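Per Swiss-Prot, the features are:
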- Gly119, Thr120, His121, Gly122, Lys123, Thr124, Thr125: ATP binding site (BINDING)
Amino acid sequence: MDVNTLKSVYFIGAGGIGMSALVRYFLSKGKKVGGYDRTPSELTEKLIEEGAAIHYEESTELITDAFRDPATTLVVYTPAVPDTHKEFTYFRENGFEIHKRSQVLGMLTHAGKGLCVAGTHGKTTTSTMTAHLLHQSHVGCNAFLGGISKNYGTNLLLSDSSEYMVIEADEFDRSFHWLSPYISVITATDPDHLDIYGTKEAYLESFRKYTSLIQPGGALIVRKGIELQPALQNGVKLYTYSQEEGDFHAENIRIGNGEIFFDYVSPLGNIPNIQLGVPVSINIENGVAAMALAQMSGLTDEEIKRGMASFRGVDRRFDFKIKNDKVVFLSDYAHHPSEIKQSILSMRALYRDKKLTAVFQPHLYTRTRDFYKDFADSLSLLDEVILVDIYPAREQPIPGVTSKLIYDHLRPGIEKSMCKKEEILDVLSKKDIEVLITLGAGDIDNYVPQICGLLNKK
């Protein structure tokens with residue numbers, strides 16, 4: 001089906017961060033857009049305000065006539081939707097063209113030059129930073145992001161003239177195999193989603209296959225030292241990057257007074273005195289990767305410097321909520337042991353003499369089962385850990401798999417406790433908080449406004 005001739009697009013799972021970018025894209029193209037999501041959220045309410053017809057009850061009766069013609073309606077679904085879903089079954093049994101979100105994204109990106117950021121972690125910030133660099137420059141871009149840009153308040157950026165499309169390339173369910181990147185960054189290959197892949201070897205092979213999809217004439221920029229054996233087509237250049245090593249890296253890093261500056265080193269030309277708009281050490285490496293993509297896309301040095309300094313970050317990615325002399329509070333989406341470790345180390349670099357407390361909500365029973373010792377090792381870098389129950393997302397409980405697996409493997413001597421998420425405000429009210437971070441990809445973020453209110457009263 002030619003997406004340009006569509007009249008209507010129906011989304012099953014419309015409120016997901018990746019799906020919502022496509023909802024906004026088709027609304028911008030004048031299509032009739034509707035769909036289902038399991039629960040209302042701030043994001044679904046915004047989509048409704050923007051023109052989407054979204055409902056929250058699983059019922060074929062709520063599918064309006066605008067979405068009942070198979071000849072003019074495309075159905076898009078997220079892999080988290082079960083085959084037994086009533087609306088999914090209706091569309092499947094009535095001859096509709098049905099595609100995963102990643103397939104539709106692939107259709108849209110084949111025509112342009114895809115700047116794709118893949119990796120177990122770091123891809124949302126790096127892709128959003130890249131999109132900001134291009135969007136504020138003479139080059140411009142379209143961008144489908146996996147988080148809400150704080151510069152623009154959206155996860156979709158559009159351009160009528162740019163051939164570049166910035167994409168967060170998601171490895172879940174092998175979704176990134178539908179893409180056709182022109183240039184790709186791979187930030188990390190730490191095993192994850194073993195409920196899908198089964199083994200570390202299968203996970204790494206999926207990344208290897210992804211590298212084979214990069215178009216001839218393009219490039220792969222890999223974080224130096226990660227476990228990866230690329231399978232590049234002829235004519236694809238290979239580069240490395242990291243914070244302090246690789247073809248692209250940073251030198252003369254200066255951290256102090258709440259600011260970070262560094263000199264950017266590149267085979268395409270060095271740029272001195274880069275200032276990070278979100279001054280946390282983890283963003284030095286993210287910034288190096290984003291600047292490499294920007295340089296390869298034709299941005300000037302001045303455009304890159306201006307864009308790096310004006311980048312405001314991504315919602316729930318090292319997202320400072322309170323930052324004053326009494327208390328610091330931030331929310332972070334980190335949900336894999338490696339990214340949790342990086343987040344904590346970044347906080348340590350900023351607040352060396354402060355007590356660091358985290359509330360962690362594990363995400364998925366399978367991930368907790370597979371990595372509970374690694375989670376405990378990362379969280380043991382904190383002074384205090386408060387664990388809440390596992391957020392199940394798409395999964396059913398697994399006997400014996402609870403947050404206590406992590407709790408029992410934390411280092412001796414660390415302050416630790418467990419509670420229901422509904423009890424978190426009461427628990428925090430009894431503590432002397434200096435620096436607090438909420439960690440996790442579940443619904444712990446729903447408590448952030450109340451936590452802010454509590455801490456501001458102290």
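Each Cβ is built from the backbone N, Cα and C atoms, and glycine gets one as well.
Annotated ATP site Gly119, Thr120, His121, Gly122, Lys123, Thr124, Thr125; additional same-chain residues within 8 Å of its Cβ mean position, judged by their own Cβ, are Val117, Thr126, Thr187, Ala188, Glu339.
Every protein chain considered, the tally of other Cβ atoms within 10 Å of the Cβ of Thr120 (ATP binding site) stands at 20. If you draw a 10 Å sphere around the CB of Lys123 (ATP binding site), it holds 27 other CB atoms from the protein chains shown. Fewest Cβ neighbours within 10 Å among the binding-site residues Thr124, Thr125: this applies to Thr124.
With the fewest other C-beta atoms within 10 Å around its C-beta, Gly122 stands out among the binding-site residues Gly119, Gly122. All protein chains considered, the CB of His121 (ATP binding site) has 23 other CB atoms within 10 Å.
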